[in-house]
């Protein structure tokens, strides 16, 4: 091993780590210095949805597996479940230097992108700036503020995967093998398959370009040899996630992302409906927000009326009509684009300029990979606004129809921009500034800076209004346009200034061959560019004292309900609460919740029966009718209390709830899921069960009016009942039927679980006294966990072995 030069081989990386730590600590200073944490809406909801799972783990040391406190029960794969791949979690802790979650995700994004740039042989000090630009792109910061921690974590490891793959194809196969194996495991552990799907698209384009160049250079054998080595590496890394992938894939078929049981077989769609998947789409011009965050006014949550210096505020003040001013205040959003709500995904004017430098100077091999990938990200983010392309992919590309919020696809573009940019600068630094290079650099500045100048000078060519605003008073619209135009021009000038400054620095750096310390100034400029915009969307107001993010305060309504210690469910009937909040689930077993992959049949039940019965019940209560008996769906879910506010007098008790389990007198037979659901809506579920006989055969049974069945134990993965009946009976349980993993036992002997009432489970119970048990033992966890543990430690060994061998061979 040759002698290590500290200044050359060690110091730059120490500086990089120190810079990344400093940026992380300063950017999230309220956490590090003021004992505050981010107030993340999604995480607040997660606190409620995962409550019983976390409590069960703390009490028993075991996993709950089944979230029984939300949507009447659902698998816990996408809520809170600890797996045996904790070795991969340990790797993440090492890579993040033990920084707290979720702030560690940004630090990891820095480190990951830095390692990738080193794999592409970018100068360390230049790599520092590009890595920070990636980690601080507003996409990452806005996602973190919203609580999309899994998505941001998955994105943070994308560069590390590319680093491993590129090292392997660049001749450092063993090192690439180790990093790829570990990076795939780390990326998948974040459990955000939409990001993994986008990463796969980047890898496929990279691989295609590598193959084309291998053909051209007659190195096909080497290409296939490297590919043959990387595939097992990726498989081993993926096996550390196999249980989660198995469980999510299995569960996905039963969620709103799977096929509908109500559609005819020929019309059933295995995936999300188009209208839902493409509910949010970038406008055709919105990618310009990567250059100018206020291109469309900025965040839709930025209301101009809050700024006393704005034209809108002044106009409303001059109107003298307080009532009209209050009504118009809701129309003062600075955003005038086509979406109902958005926050700009700003890449950085400096990064856009560097990307253009890359287009002019980087090796063609990289351009043919990164430019198509960047364009693909933009086209995917257009969604329904580029329907010919995206609808084709949605209908024909496997996996594409499982994802929504296609605006997220812009992460592909944001990933490629800094990479091509620094590769271009590297090439320029190596070749120098001859006459041809000088001309190219001037063209790059003219194209990027000139575009900003055009926007600055001809801002009046834009309309600055959105659909529906033509109905507003002209004096108000005039002020609104003036403010939006001002924001537009301000950012056009801002971006032009940053581009011009970076152009001047780069021009003289190449011309005069300045020392390596110059790159520190470039990095600082990039950091200022992106971080100042980030501060528009993540301020000190986004932080709260830590105690405020733990358990939500128990309301008088909660206290009143919790005086009842029996097993029942609570229905929050406030507008939109059924699918938009999991606070109720923090203190109660809730029929509603907050989750993007709820069971499809449960959603069907709400859409077809529960919502209508809720409306009818509320109308009856307002008329003084408190009879719950006609509302069979409400009763069969064991909804004992309904709440419509926070006060104790805003709780409605339901004395007609069927309870945890009951024996029915008869069965209504139907021949299809659609008929089963339609019949259920008008059925007295206390005495009648509805069955789709095309899917299940119910044995003959009698009815004993004196029969009893009561719940003895209820835990997330385990339920126990005692029954007594003089005749064989059909017992219906207020628990959700899920075909994968639940097993039933009567006196220790396994019994088949029967699906009834579209979403519930039933058992044929013999006459006499019996103990009935339900156990949730899903194969993805029971079997997959063992594979994950073995694969995890194999991954760690491969990583350590490849690093050790490469260090000995001087390959790092």
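Each residue, glycine too, has its Cβ placed from N, Cα and C.
Looking at the stretches 47-71, 72-96, 222-246, the one that TrEMBL records under the feature transmembrane segment is 222-246. Which of 308-328, 518-538, 539-559, 560-580 counts as transmembrane segment depends on TrEMBL, and there it is 518-538. As annotated in TrEMBL, transmembrane segment covers the listed stretch 406-429 rather than the other ranges in 406-429, 598-621. Between the stretches 126-145, 266-285, TrEMBL puts its transmembrane segment entry on 126-145. Among the listed stretches 103-120, 152-169, 222-246, 343-362, the one sharing the most Cβ pairs under 8 Å with the transmembrane segment (195-215) is 152-169. Only pairs six or more apart in sequence are counted, and the transmembrane segment (126-145) with the transmembrane segment (441-462) gives fewer than three Cβ pairs under 8 Å, not enough to call it a contact.
Highlighted: of the candidate stretches 12-33, 103-120, 369-394, 406-429, 441-462, 12-33 has the greatest count of Cβ pairs under 8 Å to the transmembrane segment (518-538). Counting Cβ pairs under 8 Å to the transmembrane segment (343-362), the top-ranked stretch among 12-33, 103-120, 492-511 is 492-511. The highest tally of CB pairs under 8 A with the transmembrane segment (103-120), across 12-33, 406-429, 441-462, 492-511, is held by 12-33.
With a cut-off of 8 Å between Cβ atoms, the residues of this chain six or more beyond the transmembrane segment (406-429) that come close are 113, 116-117, 120-123, 126-127, 129-131, 133-134, 137, 139, 151, 155, 158-159, 194-195, 198, 201-202, 277-278, 280-282, 287, 290, 339, 342, 345, 347, 351-355, 357-363, 366-367, 370-371, 373-378, 380-383, 390, 437, 441, 506, 509-510. For the transmembrane segment (441-462), the list of distant contacts is 291-292, 295, 349, 352-353, 356-357, 359-360, 428, 433, 485, 488-489, 492-493, 495-496, 499-500, 503, 506-507, 510: same-chain residues at least six beyond its ends, Cβ to Cβ under 8 Å.
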